[in-house]
C-alpha cells in the first residue's frame, strides 16, 4: 500500500502496498488539488509509546491501549467529542471480548454513544485502511470529522482449545442428561488438550513471514551483512530522533498500577559485532534473517484526526498535512509477499502526476531489513519492472538521505495495526522540519497486499 501526503504550510505512496502521498502546501512545485474533490487534512496524530510485548502493557487489553491513544488525541487537539462524526480503528489479532475494539475504545475515551465506530483488519496496513476509510467518508460528504487509528496487543494473544476439544465442549453444552454428558467426557483424549497457538504465518501457504523474508533476501542477493547494517542504521537514527525530541507523535500513558510510560522501549543501538553473533531465526542454519534485523513483537496504539480542509479551518485548526492519493495492490503471497511497496509506489506516483524526484520524504514500513533492501533493489531494477510488473522501466530506489531518517519499525516497534498512523505522522513532521512538500508512505502486509 502506498500513499502521498503534502505538507501544509498553513498548518499540513503499500502492500498490498499502501502508498499514500502526503503534501505540505506548496513551495514552487505544482499543487495536487483536484477540481470538485474536497481537500482532506490530517489535523493531528498521536500514539502511545510502542513497547516490546511482555513489558508494561502486558496486563492490559487492546481497548485500553486504543482508549489511551484516543484520549491523547483529545487532549492534544481539544476537539469537542461531539464534533467527531465517525471512528474507525484497525486491529489484526482480535480480542474476542471486544471484537469491535473501535466502539469499546471510543466509549471508554468518553465519546458520545451516538458516534458510530467500526473496526477494520488488513494485516500490517490495518490503520492505513482505517485512515483511507475515513478519507473516503469525508470525500463522499458523509462526514466532516473522522478519527482513525490502530491497536495491537501482542502480550496477550488468543490461544484456543484444539478443534476436537471445542467440538466436544459445544456438544457437551447441548447434552441434556447426566448419561449424555458422561459419555461425551469419556471420549476426551490427552491430545484434545493441545492448544492452538497463533502464528505470524500465511494461511494460504503456511509459511511464516520471517521465512518468506529470508527467501526474499536470498532472491535479491541481500547479504546478512547488509541486513545487519541496515538494522543498525534504523536503531541509530531512531535513538538520535528520540534523544532529539523529534518523535512528536508520542504521548505519555499512565499505565494502571504502574508508572507513566513516556517513550518507546525497543530502540537498542548495538554493534555489528554483537549483531553478527545471533543465529538465523527462521531458515536454519544458513538463513540471514535474525532477531536483530527483524521487527519485534510490539504493543501499541495510534490515532489521527482527519477533517475536510473547510471544517478544519472553520474550527481554527492548522492542518499538519494534506492526504492526496493512495493505492492498494496485491501480489502472490508465496513469492511476493513483502513486495507491496515496489508495486504500489509507481502506481501512486502516476496517479498524482509525480516522479520519485518530486518526493522529499519517504517513510516505508520496516518489517525486516531484508524486506526493505529487497524492495529497494526491485524498485531499482529495469529487469524486475519489465518481467514482473509489466512496466517499461524501473521507478528507481529512494535515496537513503530521504528514507526513514528517524528510524522505522525495526527500531521503533511494529504493533501491526498501529504502524500506518505512525508512518503518516512521521512523514508530516519530517516534511515540516525539513521544509519538504511531498511525502510518500508505503508498507507491505500479510496476504501479499
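Cβ from N, Cα, C; glycine included.
These numbers come from a predicted model, not from an experiment.
Going by TrEMBL, these are the annotated features:
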type	residues	note
DOMAIN	40-310	domain 'Thiolase N-terminal'
ACT_SITE	124	active site, acyl-thioester intermediate
DOMAIN	317-449	domain 'Thiolase C-terminal'
ACT_SITE	414	active site, proton acceptor
ACT_SITE	444	active site, proton acceptor
Inter-residue Cα distance where the pair is residue 414 (active site, proton acceptor) and the residue listed as 'active site, acyl-thioester intermediate', in Å: 9
For residue 444 (active site, proton acceptor), the number of other Cβ atoms found within 10 Å of its own Cβ: 37
Fewest Cβ neighbours within 10 Å, where candidates are the active-site residues 124, 414: 414
Between residue 414 (active site, proton acceptor) and residue 444 (active site, proton acceptor), the C-alpha gap once rounded to whole angstrom: 12
